[in-house]
Each structure stands twice: as structure tokens, then as C-alpha cells.
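**Q** Pasting the feature list from TrEMBL:
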- 18-36: transmembrane segment (TRANSMEM)
- 113-133: transmembrane segment (TRANSMEM)
- 139-156: transmembrane segment (TRANSMEM)
- 207-227: transmembrane segment (TRANSMEM)
- 239-261: transmembrane segment (TRANSMEM)
- 267-286: transmembrane segment (TRANSMEM)
Amino acid sequence: MERCVQWPSIAVSPDIHFQYNGFLSGLMLLSIARLFQNQLPQLFSRLFPFKRGLCHAYWAPNFWALYSALDKVLSVIGLELKLLDPNKVPKASMTSGLVQQFQHTVLPSVTPLATLICTLIAILPSIFCLWFKPQGPRGFLRCLILCALSSFMFGWHVHEKAILLAVLPMSLLSVGKAGDASIFLILTTTGHYSLFPLLFTAPELPIKILLMLLFTIYSISSLKTLFRKEKPLFNWMETFYLLGLGPLEVFCEFVFPFTSWKLKYPFIPLLLTSVYCAVGITYAWFRLYVSVLSDPPVGKTKKQ
């Protein structure tokens with residue numbers, strides 16, 4: 001009765017078919033009410049976390065992880081060669097594990113505007129290719145994946161879980177062509193392993209390893225069977241890289257905790273995981289881009 005008096009238009013609608021509309025309308029009204037309670041600045045700070053730094057506490061394995069790692073290496077070399085003033089070099093600002101803004105030591109510091117420009121530059125070729133060289137539904141899906149990957153690669157304060165926005169749709173491409181299957185396996189294996197630091201307790205260790213092994217072995221064996229008449233899915237370099245995830249996991253989980261470095265350099269396992277996975281994800285992104293730009297449009301035939 002109360003609903004009939006307050007919102008007769010909702011009351012007369014069939015509940016079974018339109019009840020979710022009433023639910024969403026209620027959420028909309030609550031959201032608008034929050035805006036009138038001076039919550040707009042907090043909303044924008046959540047949507048655009050410019051004050052939370054370029055990288056997350058655990059660096060997402062993207063271009064900026066490689067950039068920050070290179071800056072760290074150059075700063076160490078500069079200190080060893082006495083090219084930098086130790087008093088002007090911040091102490092573990094990027095590897096402190098804290099969500100904060102920081103300045104690079106040797107390389108130019110990155111601003112939110114710079115990440116926006118880099119993201120747009122990375123996305124535009126795939127969009128132009130989709131518009132001027134249409135490749136059908138698969139071309140659209142490739143463009144979608146490239147946009148997600150490019151945002152992951154160059155975005156500001158990217159979370160590591162955002163790699164799933166590219167991994168999941170890439171699975172739809174993997175059964176069409178051997179080249180796409182190879183890219184999918186590299187991307188999904190590296191992307192899944194990059195999420196290991198999110199499960200950091202001892203009871204979770206065998207679970208995450210077992211789940212990844214089961215999925216990876218099944219995916220590789222299934223796609224190898226599907227494309228058994230074509231060339232191998234991996235070359236020697238790709239095989240060597242993927243096998244390197246095993247020693248990396250052994251070092252991070254079973255060797256490093258028992259070394260003296262654990263107290264002095266606790267961020268090393270996260271740093272190694274982020275940088276190593278960033279190499280694989282960057283490689284998969286580059287290979288997918290080359291494939292999109294080099295494939296001919298759908299329906300194109302040679303002139304007689």
C-alpha cells in the first residue's frame with residue numbers, strides 16, 4: 001500500500017518483468033541523493049585516483065612497471081658510479097609497498113596527462129584499423145581486446161586484476177587461428193601468474209599453483225590438439241620465457257623468505273613478478289597489434 005501511494009507508476013507495472021527496473025531506479029535515486037550530500041569530490045577521487053600514484057602498491061605488470069624498474073636500476077648504477085647525490089635520491093619510494101605519489105630519480109616523472117596521451121596513442125591505431133580496414137566480428141573483438149590491453153599497459157594507477165578484461169575476451173579468439181591461440185596462451189599464463197601475489201598466505205599457495213597448472217596444461221594441450229596440423233604454438237624464446245615462471249615462483253616462495261634479503265628488501269619478490277610478467281604481457285600486446293595491422297580486410301580479393 002505504501003508503494004502504491006508513493007510510486008503508483010511502479011505499482012501498476014507487472015512486478016515479475018519490471019521489478020529490476022524499480023530496483024535500478026532506487027539505486028539511481030540513492031546515487032543522486034549522495035551527490036547532494038557533498039559526496040561529489042569523493043566520487044571523482046575514486047574514479048580518477050590521481051593522488052594515489054602512477055603504480056599500485058603491487059605494480060601492475062605493464063609498461064610503467066618496466067619504466068619504474070629501469071629508473072630504479074639506473075639510480076643504483078648512478079649511485080655506484082657516484083653520478084647521483086645520495087642525499088637527493090629518495091629511499092625506496094617506488095618499492096615501499098605504499099599507495100602514494102612518487103618521483104622518478106633518473107627518468108622523467110610521469111603525470112596523469114602523460115598516461116592519458118600514451119593510452120590514446122596506443123588505442124588509436126586499432127580503432128583506425130577497425131574503421132578503415134574492417135575485419136568482421138573477429139576484427140571488432142581484436143580491437144576491443146587491444147583497447148583493454150592498451151589501457152592496462154599505459155593507464156594511471158592500474159590494478160593488476162584489470163588484465164582479466166583482456167584475458168577473458170581473448171579466449172574467444174584462441175580457437176579461431178593458431179596465431180591467436182599462441183598469443184592467448186602467453187597472455188593468459190602470464191596474466192594469471194601476475195595475480196599470485198594477491199593470494200599470499202601459506203594455505204593459499206598450493207591452491208593457486210594447482211589451479212593455474214590445471215588450467216594452463218589443459219589450455220595448452222587442447223589448443224595444440226586443435227591446431228596440430230599447423231606449426232608449433234610457441235617458438236624457443238616463448239617456451240623458454242613461459243618455463244621461466246617456474247624458477248621465479250620457486251625463488252619467490254621458497255628461497256627468498258629464508259635469505260637475509262627478506263628484511264632489507266621485502267619488495268623484491270613483487271618487483272621480480274611484476275617486471276617478469278610485464279615482459280610477457282607487453283610481448284603479447286605487441287604480437288596482437290602486429291597481427292591486427294597486417295591482416296587483410298574481410299572480403300578482399302586480388303584483382304585479376
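Yeah, the Cβs are placed from backbone N, Cα and C, and that goes for glycine too.
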**Q** What parts of the chain pack near the transmembrane segment (139-156), using Cβ distances under 8 Å and only residues at least 6 beyond its ends?
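**A** Counting only partners 6 or more residues beyond its ends, the transmembrane segment (139-156) has Cβ contacts under 8 Å with 49-50, 54, 60, 62-64, 112, 115-116, 118-119, 122-123, 126-127, 129-130, 133, 162-163, 165-166, 169-170, 172-173, 281-282, 284-285, 288-289, 291-292, 295, 298.
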**Q** Restricting to the same chain and to residues at least six past its boundaries, which positions have a Cβ under 8 Å from a Cβ of the transmembrane segment (113-133)?
**A** 54, 63-64, 139-140, 142-143, 146-147, 150-151, 153-156, 289, 292-293, 296-297
